[in-house]
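Written out below as structure tokens is the structure these notes cover.
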Amino acid sequence: MSAAVAPTCKATMYVCGITPYDATHLGHAATYLAFDLIHRLWLDLGHEVHYVQNVTDVDDPLFERADRNGVDWRDLAEREVALFRDDMASLRILPPHDYVAATETIVEIVELVDKMLVSGAAYVIDDEYPDIYFRADATLQFGYESGYDRDTMLRLYEQSGGDPRRPGKNGELDALLWRAARPGEPSWSSPFGPGRPGWHVECAAIALSRIGIGLDIQGGGSDLIFPHHEFTAAHAECVRGERRFARHYVHAGMIGWDEHKMSKSRGNLVLVSTLRAQGAPPSAIRLGLLAGHYRADRFWSSQLLDDAIARLHRWRTAASMPAGPDVADVIARVRGYLADDLDTPKAIAALDGWVTDALEYGGHDAAAPKLLATAIDALLGVDL
């Protein structure tokens with residue numbers, strides 16, 4: 001992954017947001033922390049940044065959870081979005097320029113689906129519910145984003161709720177664009193009948209309407225590589241031409257707990273709000289997540305948090321000293337490591353080295369501790 005853009009250009013980034021039916025867990029936090037680092041790195045390089053993040057507030061898990069809990073799905077979404085944003089603020093994750101819900105973008109989604117119908121990239125299944133599907137072969141570029149073979153695509157498509165064997169589909173990998181209204185489900189009016197959008201077209205419409213085609217980074221967790229990011233790109237490209245949807249596709253690794261991927265379906269979530277309520281310093285949570293490389297699948301543990309708390313204490317002690325060693329070299333190294341695929345483990349190791357020298361030997365530069373604290377704040381988002 002290269003986060004570089006031309007020095008005078010606006011840097012653009014679209015990151016897939018949450019489905020707001022449960023609280024923010026550390027897997028979410030790790031993903032948005034990775035893109036926060038890119039955001040901060042771009043700002044440090046002097047770029048203007050246009051960062052867009054969506055909220056998937058039209059999706060089956062949200063409706064099912066609201067029905068199970070006996071609450072209105074809109075109220076549930078509003079509550080969980082508020083908690084998510086509070087958690088992100090506590091972790092000092094810079095907010096996106098545009099924070100857009102799918103429900104705010106129905107007009108743009110309908111326009112996109114209509115264009116695909118007119119062009120032949122989409123078709124209607126003629127059965128009891130006239131759902132609209134996107135033809136996976138509508139763009140010759142389909143498959144470039146993931147690089148997966150067909151068998152892998154089919155497996156992941158089905159695992160994510162796809163319906164490869166639905167009667168009437170032209171192709172097994174064709175993706176749902178518009179789900180015709182069913183009794184008891186939310187729906188919106190459209191020229192092709194009431195219904196609601198499919199998952200992938202929501203992000204395509206939001207990204208195209210807020211940024212346009214050819215954005216610098218499309219990002220999210222590694223579980224979104226296929227089908228979500230592949231189809232989001234394909235939807236956008238078949239409407240706007242064959243120009244690629246994004247210059248770079250960047251994916252954060254999964255966070256596990258108890259030897260398993262952390263997920264709502266598995267029920268092994270470590271919630272940011274719970275850690276905060278237990279007294280964990282948000283900066284330590286952030287440091288704990290930064291201790292591993294953003295692309296790596298890795299496990300969270302109580303020991304990892306304890307180590308991060310101890311590191312935070314050492315860093316703060318060094319930053320409060322009246323003087324310290326020169327910081328020019330270590331700040332340059334941190335910038336270099338972050339520019340090299342966000343190598344936070346090496347950046348942290350470099351900072352640990354300076355802190356050790358400062359605590360053991362002191363220094364003669366009265367400005368050094370404050371300068372380093374400012375750099376750590378700006379580049380890593382850790383408040384000393």
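In case you wondered, yes, glycine gets a Cβ from its N, Cα and C as well.
According to Swiss-Prot, the protein has these features:
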BINDING   C16, C203, H228  Zn(2+) binding site
BINDING   C16, G17, I18, T19, T31, N54, V55, T56, W199, G221, S222, D223, I255  L-cysteinyl-5'-AMP binding site
MOTIF     18-28  motif ''HIGH' region'
MOTIF     159-164  motif ''ERGGDP' region'
MOTIF     261-265  motif ''KMSKS' region'
Coarse DSSP state, helix versus strand versus coil, of I255 (L-cysteinyl-5'-AMP binding site): strand
Distant-in-sequence neighbours of the motif ''ERGGDP' region' (159-164), which means Cβ under 8 A and at least six residues beyond its ends: 60, 172-173, 175-176, 227-228
Greatest inter-residue Cα distance in Å for the L-cysteinyl-5'-AMP-binding set C16, G17, I18, T19, T31, N54, V55, T56, W199, G221, S222, D223, I255: 23
Those binding-site residues listed as C16, I18, C203, I255, and which of them has the most Cβ atoms within 10 Å of its own Cβ: C203
From I18, V55, W199, I255: binding-site residues whose CA lies within 10 A of H228 (Zn(2+) binding site): W199
For the binding-site residues T31, S222, the one whose C-beta sees the most other C-beta atoms within 10 angstroms: T31
Rounded inter-Cα distance in Å - I255 (L-cysteinyl-5'-AMP binding site), C16 (Zn(2+) binding site): 17
